[in-house]
Amino acid sequence: MAAFPAYLALLSYLVPGALSHPEAKTLTSRASTEAYSPPYYPAPNGGWISEWASAYEKAHRVVSNMTLAEKVNLTSGTGIYMGPCAGQTGSVPRFGIPNLCLHDSPLGVRNSDHNTAFPAGITVGATFDKDLMYERGVGLGEEARGKGINVLLGPSVGPIGRKPRGGRNWEGFGADPSLQAFGGSLTIKGMQSTGAIASLKHLIGNEQEQHRMSSVITQGYSSNIDDRTLHELYLWPFAESVRAGAGSVMIAYNDVNRSACSQNSKLINGILKDELGFQGFVVTDWLAHIGGVSSALAGLDMSMPGDGAIPLLGTSYWSWELSRSVLNGSVPVERLNDMVTRIVATWYKMGQDKDYPLPNFSSNTEDETGPLYPGALFSPSGIVNQYVNVQGNHNVTARAIARDAITLLKNNDNVLPLKRNNTLKIFGTDAGTNSDGINSCTDKGCNKGVLTMGWGSGTSRLPYLITPQEAIANISSNAGFHITDTFPSGVTAGPDDIAIVFINSDSGENYITVDGNPGDRTLAGLHAWHNGDNLVKAAAEKFSNVVVVVHTVGPILMEEWIDLDSVKAVLVAHLPGQEAGWSLTDILFGDYSPSGHLPYTIPHSESDYPESVGLIAQPFGQIQDDYTEGLYIDYRHFLKANITPRYPFGHGLSYTTFNFTEPNLSIIKALDTAYPAARPPKGSTPTYPTAKPDASEVAWPKNFNRIWRYLYPYLDNPEGAAANSSKTYPYPDGYTTEPKPAPRAGGAEGGNPALWDVTFSVQVKVTNTGSRDGRAVAQLYVELPSSLGLDTPSRQLRQFEKTKILAAGESEVLTLDVTRKDLSVWDVVVQDWKAPVNGEGVKIWVGESVADLRVGCVVGEGCSTL
């Protein structure tokens, strides 16, 4: 079972049952120097959004007739390795609801076959192409559906990339909330157009891999984030993705403001379900469930994979324990009904009740036959892999994304594009393949050959791999290859020869350590791996023309060689997936002009970043990760600190040039009030009888054949559990069953719909002024006035558009819309979004990077070219 070692590695980070982590204790930490997450109860019911009304009506009819066992079955996983998927719920055969399959990953079906390994999220972000973001989502959804996956665990919009060394930044779309928001929301729309359910992750503050999970000696770290920073930065892409209709949200491992995400009532009940109007279901990250009653009351709807503190022992915080909690009254039956209704309504909303496939693969083995429940001591066997090919023509989309993401940082003397008759010398193992096999390392937990993706659960097996070496050899008959990370002796260099040096930087999830890096880039830092810097310098000493190709998970330091005279060009190819070679040669040899742009800043030194975004650790006690930099991460920090980076956010050159002319700013809807119009009232939600179910509903069925370690909803003594209903149970601090007033910032999925009123529109004419075809990206940044009374970043990306391929001399007019929310700050006192009245003092900039602004507009004064 290929995935088994990976999950065994998780055991070192498990949450033990004896670990003291009660919500009540967390919520009483009120010292002014300590972060605090206030209580927010009860959990809001779903079903009040009109777009979900039909699905909730169907769910209500079914749930009204379910037994307690059937309800609990859908909220709890059946246990790790107790089915074909990363996790699966129980089923309700009486109503045609199967075991729901939840499975990775954000870039392709994990641990499967005949699937596409798409470029990673960071690569998609670098395209700045909304159409490709959506198309990739469609491809992911089609492949998930084809494999029988009900819930695909992605996209990831958290981490956002606060910490440049963070291990999983590459799963998201870039170090900016708007870029993440467009990437996440468009991916969700694409995925769910196919009927697959997207599970948006990780809510929230999982910005570092090390110490995120609790262990026998310490709790996972607490991400301590102030309310304004939470809303304007980290929550922003989640809000946009909820607005896109996300069916599921995955909760992170860590704490937020000293309250574990899986039972953080403010985060789940207050912000996600009430303020953002989330209508789907909330699921744990795998083994992130640390308590039973407290998590249910805090708004958690599904536990995955269902196991308790130590997997493989057949224990659970829910399953039969949830049945017990409902019978004894510690979990109100109303809460269970809402949990189940949310799950079933999402199933109906995506049309999964109509001819949706069952799982036809196994993530546990590549064999055709095997145990149906691999985690059981004794398991029946059968066909587990049907080898269904779901790739379709998705390789075309994968290649287009990988190609359009390639970012040209430098091109002195126009050394690129190459001519097919150039004499080339290629260096670096990153140009080649993994000699052990392209899928030989579990979850890509090694760095051998071309880097196509990071490592961890967010990966996919490669159906094939076109390496740069193969692709270049296919085009050039004058290429010599030195697939080594040590510069070979005896290499000769003619005056016109061109050296292409391949280097990379890797990272991933913390259950695998690669070359001393436990997920985060702890040992390597932001330097190239495998002697990369020295390899470039050695080539630069020998050759007059050096092209550097970088495959990387994020920012990488280049100072040792970037200014060398012979280093003429640098391409960042990000994480290209299976089409690594063809996408690169499309650009290298000029079939296409590069049109990618950096989705993060590349610094001169790691010391350019604020100290607070470094990796944090301590030997004992819970780590307090204080977000003292506030809104100022990545380019926002560089601008505030007046630090010129090596390459700014949004930077990307082309083989041609573009002019931005004829800018025009139009008022679409007046900002005549500081705060948005009053939110619409909540609609009605499903109602159910409030009487406790009969204990017999969770009694073991007669002659039932139990599977060892399978997690069931049944109790050995249900009558005994019901008899305890007269007892008084302790509840989390602040718990109440009285509904709270509807938050004024809410009113629809994502928040008050007035926030998305388009207030201004900028039009700009983009002209190809060069001699080659190419595409330009217009990036719109806003600067908010000091009249708001708050410190705000001097530039904030809020919109972007990409031209079609423009021939030399051809133009296209782009329209970039700006919403009320785009111009708002979060008022922590009023608890609403505040904008400058009439947009007074707002400045809008449009350009090709945050440092290359071509157009400036001032509301009320108009626009000019810069």
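Including glycine, each Cβ sits where the backbone N, Cα and C put it.
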If one consults Swiss-Prot for N-linked glycosylation site across N257, N642, the residue flagged is N257
What residues elsewhere in the chain lie close to the region 'Disordered' (725-748), defined as a C-beta under 8 angstroms and at least 6 residues from its ends?
22-24, 27-28, 38-42, 44, 49, 243, 263, 265, 270, 274-277, 293-294, 297-298, 327-330, 332, 678-682, 692, 754, 830-833
Over all shown protein chains, what is the count of other CB atoms within 10 A of the CB belonging to N659 (N-linked glycosylation site)?
16
Take the C-alpha atoms of N724 (N-linked glycosylation site) and D285 (active site) and report the distance between them in angstrom, rounded.
32
Fewest-neighbour residue among glycosylation sites, criterion Cβ within 10 Å, set N395, N474
N474
Just name the most isolated of the glycosylation sites N257, N328, N360, N421, N724, going by other Cβ atoms within 10 Å of its Cβ.
N421
Have a look around N73 (N-linked glycosylation site) and count the other CB atoms within 10 A of its CB, chains all included.
26
Measure from the CA atom of N73 (N-linked glycosylation site) to the CA atom of N659 (N-linked glycosylation site) and give the result in Å, rounded to a whole number.
60
